[in-house]
Amino acid sequence: MSDSPITLLVVGVLIACCLTHVRSDSSDHRFKVGDPVPLYANKVGPFHNPSETYRYFDLPFCSPDAIIKEKREALGEVLNGDRLVSAPYKLNFRDEKDSALACRKKLSEQDVAQFRSAVEKDFYFQMYYDDLPIWGFIGKVDKEGKTHPSEYKYFLYKHIQFDILYNKDRVIEISARMDPHSLVDLTEDKEVDVEFMYSVKWKETDTPFEKRMEKYSLSSSLPHHLEIHWFSIINSCVTVLLLTGFLATILMRVLKNDFVKYAQDEEAADDQEETGWKYIHGDVFRFPKYKSLFAAALGSGSQLFTLTVFIFMLALVGVFYPYNRGALFTALVVIYALTSGIAGYTAASFYCQLEGTNWVRNLLLTGCLFCGPLFLTFCFLNTVAIAYNATAALPFGTIVVIVLIWTLVTSPLLVLGGIAGKNSKAEFQAPCRTTKYPREIPPLPWYRSAIPQMAMAGFLPFSAIYIELYYIFASVWGHRIYTIYSILFIVFIILLIVTAFITVALTYFQLAAEDHEWWWRSFLCGGSTGVFIYAYCLYYYYARSDMSGFMQTSFFFGYMACVCYGFFLMLGTVGFRASLLFVRHIYKSIKCE
């Protein structure tokens with residue numbers, strides 16, 4: 001039974017690798033002169049609002065074909081908001097064109113108003129040509145010499161210049177330039193006749209096909225960016241060294257003195273009164289309140305930790321190359337479903353160690369602890385996206401697929417893991433016998449209460465990662481590309497080390513103050529970094545980004561709340577596990593009876 005979760009995880013990673021490596025186009029990317037090359041229009045949207053995207057033909061562009069063909073997409077692509085349809089341009093392989101007509105259209109007053117609103121909001125478009133991304137802005141606002149917005153002039157670009165590089169029979173690179181001299185005036189609400197034109201220029205290059213995606217990751221690998229990334233790591237390492245040095249010189253010396261003092265106390269007369277952490281040895285392993293919730297939080301945190309490790313494994317082997325559309329979302333869904341057995345096993349096993357009896361309710365709580373808030377958030381945000389008619393609104397079929405995955409994979413594995421955990425018959429390893437009645441906790445100063453301790457515990461790990469956070473946010477909530485996963489993995493390891501060390505230190509000081517209720521405190525202190533990350537979300541939204549509008553604001557704060565909650569559970573589990581190892585170690589080292 002012990003091998004089955006590992007086997008499932010290995011199979012899951014292989015499935016995720018296969019799913020995420022599938023190219024969005026089934027062709028072999030080799031073409032002859034004059035062959036049609038797949039070109040798909042994807043979406044349009046305000047440049048500064050990455051979540052607020054619409055279908056390409058939601059704007060009144062004209063299509064030369066009577067029927068717009070939609071491309072079948074994978075689960076991750078749909079979750080990513082991609083909605084690919086046939087584009088109104090014909091870019092056949094090595095077929096040059098000069099001012100070719102794409103289509104003609106008479107724009108009504110309503111169409112003009114719609115385009116003007118899009119230009120005012122800085123709308124961009126995205127297309128894919130043989131799986132290579134193309135971007136461009138649909139128009140421009142002329143503000144030169146004008147002081148009031150009512151004087152601005154709005155123009156629509158009607159001519160696109162495609163520049164394509166090829167190597168023998170393969171497409172290597174494509175870029176789109178908008179002709180600044182070919183404009184349609186949209187300032188007034190009146191009907192306009194528009195001829196959408198395009199030109200195509202082909203040029204040979206020596207760049208091999210295997211390296212055609214490298215240019216998209218160059219921006220994050222530029223020397224000045226790498227310097228900042230390495231500065232981030234050095235900053236984090238200094239934090240770790242300072243913290244470990246603090247622990248080594250202060251905590252270990254104090255512990256050594258404690259061990260010497262307690263050893264002398266045992267040799268001396270028994271009438272000496274015990275003080276400090278040894279004094280509460282009969283209460284330190286007293287099980288926490290709300291043990292079902294505590295075990296469920298540990299189970300969910302363990303699952304999210306495993307999910308994060310596997311995502312890093314896929315990233316480090318190169319699965320998430322730039323513009324592998326939907327790869328990350330596919331991997332997240334598949335691996336989360338397959339790791340639910342870990343949540344069930346950890347929660348049920350620990351719950352039974354805490355002498356819990358209603359393990360079925362504990363499993364239900366484990367299954368809903370993270371998925372519940374995520375589902376409620378999704379329902380609200382999907383409703384907002386439907387109201388906006390945005391591509392972020394998931395189709396009914398995709399929702400059915402996700403529900404089926406949860407019903408047929410996640411839930412059964414959770415139950416199987418729970419049964420295995422219940423049957424493991426593991427006992428809680430406590431080096432000290434717990435007394436029948438708990439000792440009263442002495443009155444403590446305000447700074448030893450939960451909230452100040454959480455603030456202290458969360459600040460240090462957050463300070464170790466905050467520089468790297470900007471680049472992650474700029475990638476997820478912007479148009480930058482993040483590819484330096486090795487540096488991110490180092491930062492993640494540093495985050496785990498700092499979280500474990502600071503939680504252990506605070507747990508010791510809590511026990512030394514004769515406060516034996518350390519279980520929940522260690523979990524809350526470990527997870528408090530998630531609260532700091534959410535506070536950083538507020539700073540990023542208002543100070544570092546230009547996002548606006550109800551939909552973008554609700555998506556940003558809604559989904560970031562779920563991510564930070566996941567960090568809270570994961571780092572809380574790390575903090576508690578480290579504290580548990582530490583507490584067991586120090587109480588094993590002394591005679592408690």
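Each residue's number is its place along the chain shown, starting with 1.
Even glycines carry a Cβ here, placed using N, Cα and C.
Owing to the predicted nature of the structure, the values given are computational and were not obtained by experimental measurement.
According to TrEMBL, the feature signal peptide maps to 1-24.
Residues or ranges marked as transmembrane segment in TrEMBL: 228-251 (among others).
According to TrEMBL, the feature transmembrane segment maps to 293-321 (among others).
Per TrEMBL, transmembrane segment is recorded for 327-351 (among others). Away from its own ends, the transmembrane segment (327-351) comes close to residues 5, 8-9, 11-13, 15-16, 19-21, 74-76, 79-80, 291-292, 294-296, 298-300, 302-303, 306-307, 310-311, 314, 319-320, 359, 362-363, 365-367, 402, 405-406, 409-411, 413-422, 424, 426 of its chain (Cβ-Cβ under 8 Å, at least six residues beyond either end).
The transmembrane segment annotation in TrEMBL covers 363-388 (among others).
Residues annotated as transmembrane segment in TrEMBL: 394-416 (among others). When Cβ-Cβ distances below 8 Å are used as the criterion, the transmembrane segment (394-416) is approached by residues 4, 8, 75, 78-79, 333, 336-338, 340-341, 343-344, 363, 366-367, 371, 382, 385 of the same chain, each at least six residues removed from its ends.
According to TrEMBL, the feature transmembrane segment maps to 454-473 (among others).
Sequence annotations record features per position, and here TrEMBL assigns transmembrane segment to 485-511 (among others).
The annotation transmembrane segment is assigned in TrEMBL to 523-543 (among others).
Per TrEMBL, the feature transmembrane segment maps to 555-583 (among others).
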Quiz item: For the transmembrane segment (363-388), which partner among 454-473, 485-511, 523-543, 555-583 gives the most CB pairs under 8 Å?
Solution: 555-583
Self-check item: Selected stretch (most C-beta pairs under 8 A with the transmembrane segment (293-321)) from 228-251, 454-473, 485-511
Solution: 485-511
Quiz prompt | Chain residues outside the transmembrane segment (485-511) and at least six past its termini with a C-beta under 8 angstroms from it | solution = 229-230, 232-233, 236-237, 239-240, 243-244, 246-247, 251, 254-255, 276-277, 280, 284, 308, 312, 315-316, 320, 448, 453, 456-457, 460-461, 464-465, 468, 472, 518, 521-522, 525-526, 529, 571, 574-579, 582-583, 586
Quiz item: In the same chain, who gets a Cβ under 8 Å from the transmembrane segment (555-583) while lying at least 6 residues past its ends?
Solution: 51-52, 284-285, 297-298, 300-302, 304-305, 308, 369-370, 373-374, 377, 380-381, 384-385, 392, 457, 461, 477, 495-496, 499-501, 503-504, 507-508, 511, 518-519, 522-531, 533-534, 537, 541, 547
